[in-house]
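Enquirer: First, the structure itself, so that you have it in front of you.
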Amino acid sequence: MLSAFRSALATPDLRRKILFTLMIVVVYRIGATLPAPGVSYPRVQQCISGVQNEGIYALLNLFSGGAMLQLAVFALGIMPYITASIIVQLLTVVIPKFEALKKEGQSGQSKLTQYTRYLTIALAVLQATGIVAMADRGQLFSDCKDSAGNPMDIIPGDSWVTLAMIVIVMTAGTSVIMWLGELITERGIGNGMSLLIFLNIAARIPAEGGAILQNQGGLVFAVVCVFGLLIIASVVFVEQGQRRIPVQYAKRMIGRRMYGGTSTYLPLKVNQAGVIPVIFASSLLYLPDLISRLAGQTGWFAEFVSKYVTDQSSWVHILGYFALIIFFTYFYITITFDVNERADEMKKFGGFIPGIRPGRPTAEYLKFVLGRITLPGSIYLGIIAILPNFFLSVTQQGQNQNFPFGGTAVLIMVGVGLETVRQIETQLVQRRYEGFLR
Amino acid sequence: MQLFLQILLVITSLLLVLLVLLHRAKGGGLSSLFGGGMQSSLSGSSVAEKNLDRLTLFVGAVWTICIVGLGLLMKVA
């Protein structure tokens, strides 16, 4: 393990990439703590200390790494980008033009990405307006009162100019985050966007762990740690699991050279969709909350939302989350793993699965196997994600989906971590060094 | 001073959004989150892209300075 670290840093190419990624991480974290202009930093800090562990803010804070409540420059985090990509992905099923673009390959894909980016900015403006309006009206910290008993004035000079400026700055911050993510994807290690999500979650671990240690005592803390490690181990175990479908390639003579004749396998992972379904499901669940906040937290809709959707110990929330995860797992796999395309490709290069004819029967077989293997995969994703909702109510922790040792957070962290390590691995293999994973 | 910084901040913010959107869309967004995320890293960046990078960095730096400056002004006030 240590030697792998050394060889990773000894490779100049890889070292540059890792350092570049670290640099962007530093920039990102600075932006996440830098308060937006016009926001009174000491007052916000005072309010946060009282409010941090409340359930309503859990999801809001999960994807922004605490930056949201601080009204930082990067307050929105990558949430707008995630929402935008979900919308665009869903639209590929609905709008024929998008579907055509998606089938077009690389160029169409980049066009879709461009649409996603425009949509991100639009969503960022919306969300920033929402947050700033909430903060200005004192709804963001509704329990936080100053000495006179009035709601704390977080944005002191609240002329509309100041408010508009904060919205513009937050929007620009979101676009900067988008750019940072793309820079990591392009020149660093791993996928930028998921790495930034990873960061946001990881940034909260020390604070959350400290809170548990302080409030519950050492024993609970130890139990929670052991639980966390167990969950991480099981996640890694399932994440690495795959079914290998044997593929035999026919021998071919091209000129005087002999090609093919090898037998390989097509790996189908148990959890083919990775962490995407979890990210999608949790950000979809967060949308109604946001809408009800923008609408002003009154009426039957807001009541319904706060009673069933936001409350993480309610059965509606748990079941809805579970169902959404299973749906998105299947949805994402059908989008990204096109069985017909795979079968065609195999046929083109003279490969076949032993015992199954090439072409359509192969596609059907792949679909069958994929459908079967995805079912336990999706159920596993769902169970891991809703686990903290069960066992944390035992420890009186109540609603804490973003609790860093269980559920969504662990899934995302382990998934992204594995993905990133795998990328370092491929880079190392290029240089024939021994990697991290054996 | 504060007014100047605020105006500069708004201008640079808008510029920043514009510049970032001008960048070539890389990767497949979230779709490259798993599986085959490597292919995009092979294409080198063009000269235009490099200049755009520099310009974005510069505007970003001015933007950051404005934010920090405004924050300091507010603290003093």
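Cβ atoms here come from the backbone N, Cα and C positions, even for glycine.
Nobody curates TrEMBL annotations by hand; they come from automatic prediction.
These came from TrEMBL, pasted as-is:
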- A:18-36: transmembrane segment (TRANSMEM)
- A:67-94: transmembrane segment (TRANSMEM)
- A:115-135: transmembrane segment (TRANSMEM)
- A:160-181: transmembrane segment (TRANSMEM)
- A:188-207: transmembrane segment (TRANSMEM)
- A:219-238: transmembrane segment (TRANSMEM)
- A:259-287: transmembrane segment (TRANSMEM)
- A:318-339: transmembrane segment (TRANSMEM)
- A:369-391: transmembrane segment (TRANSMEM)
- A:403-421: transmembrane segment (TRANSMEM)
Enquirer: The transmembrane segment (A:188-207) vs the transmembrane segment (A:369-391): three or more C-beta pairs under 8 Å (separation of 6 or more)?
Expert: no
Enquirer: Mind checking which residues reach the transmembrane segment (A:115-135)? Cβ under 8 Å, same chain, six or more beyond either end.
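Expert: Here the qualifying positions are 39, 68, 71, 75-76, 79-81, 83-85, 87-88, 154-155, 163, 166-167, 170-171, 174-175, 178, 290, 293-294.
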Enquirer: Using a Cβ-Cβ cut-off of under 8 Å, list the residues of the same chain that are 6+ residues beyond the ends of the transmembrane segment (A:67-94) and lie near it.
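Expert: Same-chain residues near the transmembrane segment (A:67-94) but 6 or more away: 28, 31-36, 39, 44-45, 48, 51-52, 57, 60-61, 101-102, 112, 115-117, 119-121, 123-124, 127-128, 131-132, 135, 140-141, 154, 166, 169-170, 173-174, 176-178, 181, 193, 196-197, 200, 279-280, 283-284, 287, 332, 335.
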Enquirer: Mind checking which residues of the chain, 6+ beyond the ends of the transmembrane segment (A:18-36), have their Cβ under 8 Å from one of its Cβ atoms?
Expert: 8-9, 44, 64-67, 70-75, 77, 166, 169-170, 173, 176-177, 180, 183-184, 187-190, 192, 195-196, 199-200, 203, 424
Enquirer: Out of A:259-287, A:318-339, A:369-391, what stretch is closest in contact terms to the transmembrane segment (A:219-238), meaning most Cβ pairs under 8 angstroms?
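Expert: That would be A:369-391.
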